[in-house]
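Peer 1: Pasting a structure here, questions to come.
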Amino acid sequence: RPSFCNLPVKPGPCSGFFSAFYYSQKTNKCHSFTYSGCRGNGNRFRTIEECRRTCVG
């Protein structure tokens, strides 16, 4: 899996509310979170399918 999958979830400090998904190394699963729209990182996906395809297994 790409190294960015291991980055911590980072919602960011802005005021937007965007549904996103991140990979958790601890659970080896993708989970939903609310992204603020800025200053996130590479461990952020638009769909759970994209997250799973990139980071799980």
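Each Cβ is built from the backbone N, Cα and C atoms, and glycine gets one as well.
The following feature annotations were taken from Swiss-Prot:
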DISULFID  Cys5-Cys55  disulfide bond
DISULFID  Cys14-Cys38  disulfide bond
DISULFID  Cys30-Cys51  disulfide bond
DOMAIN    5-55  domain 'BPTI/Kunitz inhibitor'
Peer 1: For Cys30 (disulfide bond) and Cys55 (disulfide bond), what Cα-Cα distance in Å is obtained after rounding to a whole number?
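Peer 2: Here the two Cα atoms lie 8 Å apart.
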Peer 1: Out of Cys5, Cys30, Cys51, which of the disulfide-bonded residues has the smallest number of neighbouring Cβ atoms within 10 Å?
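Peer 2: Looking at the disulfide-bonded residues Cys5, Cys30, Cys51, the Cβ with the fewest others within 10 Å is that of Cys5.
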Peer 1: How many neighbouring Cβ atoms, not counting its own, are there within 10 Å of the Cβ of Cys55 (disulfide bond)?
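Peer 2: Excluding its own Cβ, the number within 10 Å is 22.
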Peer 1: Tell me, in order along the sequence, which disulfide-bonded residues from Cys5, Cys51, Cys55 have their CA within 10 Å of Cys38 (disulfide bond).
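Peer 2: So the list reads none.
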Peer 1: State the three-class DSSP label for Cys30 (disulfide bond), counting H, G and I as helix, E and B as strand, and everything else as coil.
Peer 2: strand
Peer 1: What is the average pLDDT across the domain 'BPTI/Kunitz inhibitor' (5-55)?
Peer 2: 98
Peer 1: Taking DSSP as the reference, which of helix, strand or coil describes Cys55 (disulfide bond)?
Peer 2: helix
Peer 1: Around the Cβ of Cys38 (disulfide bond), how many other Cβ atoms lie within 10 Å? Please give the count over every shown protein chain.
Peer 2: 11
Peer 1: Within 10 angstroms of the C-beta of Cys14 (disulfide bond), what count of other C-beta atoms is obtained when all protein chains are considered?
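Peer 2: I count 13 other Cβ atoms within 10 Å of it.
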